[in-house]
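*Asks:* This is the structure I want to talk about, given as C-alpha cells.
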Amino acid sequence: MRCLALLVVTLLLFTATATTGASNGMNAAASGEAPDSISLAVRDDCCPDPACRQNHPEICPSR
C-alpha cells in the first residue's frame with residue numbers, strides 16, 4: 001500500500017511540474033517574450049493588421 005501511495009504522489013508531482021512548465025511557456029509566448037519562430041510569425045502576421053492588433057494587444061507591442 002505504501003508503494004502505491006508513493007507512486008501516486010510521484011505521478012502528481014510529475015504532472016504538476018509538466019503542467020507548470022507548459023503554462024509558463026504559453027504565457028511567455030502570449031506576452032511576446034518568447035523568441036521562438038512560432039510566436040514571431042504570429043506577431044509579424046497579426047500586428048500590421050489593425051483589427052488583429054486591437055483584438056490581441058498582448059502579442060503586439062505598443063507603438
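Cβ atoms here come from the backbone N, Cα and C positions, even for glycine.
Okay, these came from Swiss-Prot:
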| type | residues | note |
| --- | --- | --- |
| SIGNAL | 1-21 | signal peptide |
| DISULFID | CYS46-CYS52 | disulfide bond |
| DISULFID | CYS47-CYS60 | disulfide bond |
*Asks:* Can you tell me how far the Cα of CYS46 (disulfide bond) sits from the Cα of CYS60 (disulfide bond), in Å?
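*Replies:* Their Cα atoms are separated by 8 Å.
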*Asks:* Going along the chain, which residues at least six beyond the ends of the signal peptide (1-21) come within the CB cut-off of under 8 Å?
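*Replies:* None.
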*Asks:* From the Cα of CYS52 (disulfide bond) across to the Cα of CYS60 (disulfide bond), what is the distance in angstrom?
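*Replies:* That comes out at 9 Å between the alpha carbons.
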*Asks:* Count the other Cβ atoms sitting within 10 Å of the Cβ of CYS52 (disulfide bond), across every protein chain shown.
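*Replies:* For CYS52 (disulfide bond), the count of other Cβ atoms within 10 Å is 14.
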*Asks:* Tell me whether CYS47 (disulfide bond) sits in a helix, a strand or coil according to DSSP.
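*Replies:* Where CYS47 (disulfide bond) sits, the three-state DSSP reduction gives coil.
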*Asks:* Around the C-beta of CYS47 (disulfide bond), how many further C-beta atoms are within 10 angstroms, looking at every protein chain?
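*Replies:* There are 17 such Cβ atoms around CYS47 (disulfide bond).
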*Asks:* Would you count the other C-beta atoms found within 10 angstroms of the C-beta of CYS60 (disulfide bond) for me?
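*Replies:* So the number of other Cβ atoms within 10 Å of CYS60 (disulfide bond) is 18.
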*Asks:* So, in DSSP terms, is CYS60 (disulfide bond) helix, strand, or coil?
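*Replies:* Its secondary structure by DSSP: coil.
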